[in-house]
Ligand SMILES: O=C(CO)[C@H](O)[C@H](O)COP(=O)(O)O
């Protein structure tokens, strides 16, 4: 299991002043930024496009963890990679060739991962474990920030962590949705090493302490 990393979610930032809010992420000592891309089809909301990522890229050295909540991600991975994403994650639920899209990501030279929704079984990511840098288990139904953490998802992260160990792999396991300082230790105990937090991070009175609390979990 990797050392814990906090990835604040840009979804919870002020969308009229993203560049300034990213400086809050840097000032807290974070090294990652989670960027949620929504298409209004796979999820019932809209957020950012490749241009947003391209405009942010020269303003920060944060590792850009781009989560594509798209029905047809294969049409957009190149644009996001060229915009400067460091890592791109794609959902397994929509109807498209996930393996081929992972191949595209490899050719584009970015880190790559697969994502499952709360009700999608862990087995849905099993075929891809040897290829990915990260598996993201959503702890809310994707689409909106500020929802409640679904603790039963941790049974899946524990299963995925078992596969990671038995196969001798080192991909990261990430959770996203309702993550806060109270439930992060529970996640850590179930194999999680990468913690996306939107609301809890941006509303925190001491963001630096919030980061330290997550990134010093045993
Ligand atoms: O992917 C997401 C929603 O689809 C967000 O990253 C996630 O919900 C984080 O926000 P919060 O910490 O407020 O739950």
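Note: Cβ is positioned from N, Cα and C throughout, glycine not excepted.
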*Site-mate of 34, 36, 67 for divalent metal cation in TrEMBL, selected among 133, 152, 170, 176*: 176
*Per TrEMBL, 67, 143, 144, 145, 146, 176, 177, 178, 198, 199 bind substrate; matching candidate in 9, 95*: 9
*Starting from the Cβ centroid of 34, 36, 67, 176, the recorded divalent metal cation site, name every other residue in that chain with its Cβ within 8 Å, sequence order please.*
7, 9, 11, 35, 65, 89, 136, 196
*For residue 34 (divalent metal cation binding site), just count the other CB atoms lying within 10 A of its CB, please.*
30
_Test of understanding: give the count of other CB atoms lying within 10 angstroms of the CB of residue 9 (substrate binding site)._
24
*Sort out the sequence-distant neighbours of residue 36 (active site, proton acceptor) for me: same chain, 6+ apart, CB within less than 8 Å of its CB, listed by position.*
9, 10, 11, 47, 48, 67, 69, 142
*asked:* Restricting to the chain of residue 176 (active site, proton donor) and a gap of 6 or more, list residues whose Cβ falls under 8 Å of its Cβ, or answer none.
replied: 9, 34, 67, 136, 137, 138, 139, 140, 142, 196
*What is the Cβ neighbour count of residue 199 (substrate binding site) at a 10 Å cut-off, with all protein chains included?*
17
